Ligand code: ASP
């Protein structure tokens, strides 16, 4: 029994939905179908979810929103017309939007409800289309499916108690089409997951029904071993472990939402990334464990936009609670940290720069200086992190030597090195402007 999730580009047009239907038809074990809202059909196109966000903004600002409203509804109308389906579903959508705007709801509630219409409408259309093609198919709203989530607007988390009800879906007949991206609180209030959250729904359903496989259909044939924007036509990865995927998606691998796969991982359900345009290609398989450790490095992830707060204090290592107090200052200012490499007398805390406004930065530095009485404090911006990932690393010597050699060949200065104790990844902090040439050099070293 499989769960197949189709991303935004896979459901962007009627033409794509025909491909989706063929994929579902081709394999009877594809029982649970989770869909995104229509994404971009071409470079400058709009994602339907973005149009909904724009629509709400116009409504709130009191400006004329009819154009945007028509644009959204027409996206769906074009699909139903081309699939020779009646226009009831898009017409209904228009009424639902107008009705929602006439209700007294908080802004947060409004935006979550409006955003959910994209996946919801598409799931209804796909289910009707499958029925037209003679496939027994049912649309299931996340409330009926049992997707019970936390109260956080736009950032919901699945509750453990949801899984029992989701498990019951196994007993249903035919194909079940479920919209991704949202669930309901215990009180029946709609909440969305973070952006890109249809992957989360797919993963939750796969875990709940204990699927044999979670297929994630997108517009790439596999996961590349490095960002193709940095290295043209990089090699494809055929097999990854969960741990490797988690490390890769943390920094710069946008195939998956960072935490999306956790529900599937917890139940050890294998995940495969496949291309809707070329469904017969094997794609990239992601499993709990692997047998082949011949390649120490399977991928190179990278991301920009980091800042490093550096502190130095003589005899820091002997001072009880130093790190704790330093991090507590960040907690007070609502700043989360990513890494904290330390020496005997010094420590750096790496944070995502977007969390620091000028004032916040000054305040944090001042507080650290005065409350911890440090000898030196400084902050560096425009840092990039490069992460070499591979479970095979722990069984090999020489990986760090090869990496630093490649970085030196790119004439890049290493600002920071960090290897987690699990030895699944090795991380290098460098200046952002050297990112591309450094990644290219590492790629040559490990993949060519
Ligand atoms: N439609 C939502 C978004 O654009 C969720 C998704 O596509 O996974 O973020």
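Residue positions begin at 1 at the first shown residue.
Glycine residues also receive a Cβ, built from the backbone N, Cα and C atoms like all the rest.
Going by TrEMBL, these are the annotated features:
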type: BINDING; residues: 5, 6, 7, 8, 218, 219, 224; note: ATP binding site
type: BINDING; residues: 49, 119; note: substrate binding site
type: DOMAIN; residues: 388-448; note: domain 'ACT'
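Recorded residues residue 218 (ATP binding site) and residue 119 (substrate binding site) have their alpha carbons 15 Å apart, per Cα-Cα distance. Cβ packing within 10 Å was compared across the binding-site residues 6, 224, and the lowest neighbour count falls to 224. The two recorded residues residue 5 (ATP binding site) and residue 49 (substrate binding site) have their Cα atoms spaced 17 Å from each other. Residues from the binding-site residues list (218, 219, 224) with a C-beta closer than 6 Å to any atom of ligand 1: none. Rounded to the nearest whole angstrom, the C-alpha distance between residue 224 (ATP binding site) and residue 49 (substrate binding site) is 27. Comment: ATP site residues 5, 6, 7, 8, 218, 219, 224; largest CA to CA distance 20 Å, whole number. The Cβ neighbour count for residue 218 (ATP binding site), using a 10 Å radius and every protein chain shown, is 24. For the pair residue 6 (ATP binding site) and residue 119 (substrate binding site), the Cα-Cα distance reads 11 Å.
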